[in-house]
Amino acid sequence: MSQTLVIKIGTSSLTQATTGHLALSTLATLVETLTRLRYQGYRVVLVSSGAVGVGRDRLGLTERPRTIALKQAVAAVGQGRLMRVYDDLFSSLQQPIAQVLLTRGDLVQRNGYVNVYNTFQQLLKLGVIPIVNENDTVAVDELKFGDNDTLSALVASLVEADWLFLLTDVDQLYSADPRENPNAQPISLITSMKQLEEFQVQTGDSRSGWGTGGMITKIEAARIATGSGVRTVITEGKYPQNLEKILQGEAIGTQFEPQIRPVNARKHWIANVLIPLGKLYLDAGAVKAISQRGKSLLAAGITKIDGEFTVQDSVQICDLEGQEIARGLVNYNRGELQKIKGLHSDKIPEILGYEGAETVVHRDNLVIREQGIGNWE
Ligand SMILES: Nc1ncnc2c1ncn2[C@@H]1O[C@H](COP(=O)(O)OP(=O)(O)O)[C@@H](O)[C@H]1O
Ligand SMILES: N[C@@H](CCC(=O)OP(=O)(O)O)C(=O)O
């Protein structure tokens, strides 16, 4: 089957740094490149930022909107403009496009996730290039992706992409922010996320004028995507034509190799898509049983509970210090767990007055976090 590509372009590449107006030549080259890739048989998804940046420019605002309501209003202005420009450019090349606006809430329900998956498959089958953005105008804080780097990684995983390209305003990843550290060393290849520690990569907190996440969210995106088996590249948005060269094997930008044993789709969904609503603290024995011996979580190992959650919600599973060691779906609500924590499973029917599940989190619904590196397995 033909390869699937997800390309994410940030505000810093779509707009001119000095004026804040659209970077028309970049956009035109991007559109030409993506259309050529379609002709070559690739399935293409574009994740485009820019709603806030373009809306701000359209309204003549000189500052980044600060309040949520203003940001959502500005995004509503900009998203329409942006799609108008894309549609004009792609239509000149006879390439149909579609607008897909998502919030995290759309993916949190397993059936919502499958629904979005089916829509993407249908669009790609029709030869359409879906253009995805966060639905900024309606997204509420709790159900936000927050930045399009994360969104693009989740989309890449959802559509089972072969490649994720993160187009930004630096040519690749450096050992430190090149804006602040002139001695920062370029990094071309990351074969495993462990290497980021070895290279001691620093991401500072700087980002381009209108960008949202900076480099840290791109690394997190690479972690999510490579964990799902998607090869990820950070490269410069100013030269979209480089995508073709990279696909032909040229070493441009920073490439992150996909994990050899990607986590399965359900575990990926638990680790990266669901929003945890509570925290369970475990004693040392339970930490070991879960992280080293692949066991399910039993009530006996739980020492403390935080948050409000109900059956089948996602919770963070932590050691006594609160360091997250795993994430999973609980078989009990908060009230029930308060009563049975620390107890042997045999005692559960007597305490609750009914036969509950033997495990608090079954190992099929549990993902383990590799300490230090942060990968899920
Ligand atoms: N280690 C690093 N390597 C490269 N760039 C970095 C690093 N740390 C921070 N950055 C900064 O990240 C910025 C890109 O992020 P961002 O502004 O969010 O872009 P975008 O709008 O494309 O999402 C760069 O301009 C750069 O200054
Ligand atoms: N959804 C927002 C973009 C959020 C975002 O991540 O921006 P960027 O860092 O420029 O990729 C918008 O369209 O303005």
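Note that Cβ sites are derived from N, Cα and C of the backbone, with glycine treated the same way.
Curation does not apply to TrEMBL; its annotations are automatic.
Keep in mind that this is a model prediction, so the values were computed, not measured.
Of the residues SER48, SER49, SER228, TrEMBL places SER49 in the same substrate site as ASP136, ASN148. Residues SER49, ASP136, ASN148 are the ones the record ties to substrate, and the longest Cα gap between any two of them is 11 Å. With helix defined as DSSP H, G or I and strand as E or B, the domain 'PUA' (278-361) counts 26 helix, 24 strand, 34 coil. For the pair formed by ASP136 (substrate binding site) and LYS8 (ATP binding site), distance between Cα atoms is given as 16 Å, rounded to the nearest Å.
Between the CA atoms of THR217 (ATP binding site) and ASN148 (substrate binding site) there is a gap of 9 Å, rounded to the nearest whole number. Using a 10 Å Cα-Cα cut-off around SER49 (substrate binding site), the binding-site residues LYS8, ASP169, MET215 reduce to LYS8.
Filtering LYS8, ASP169, MET215, THR217 by Cβ distance to ligand 2 (under 6 A) retains none of these binding-site residues.
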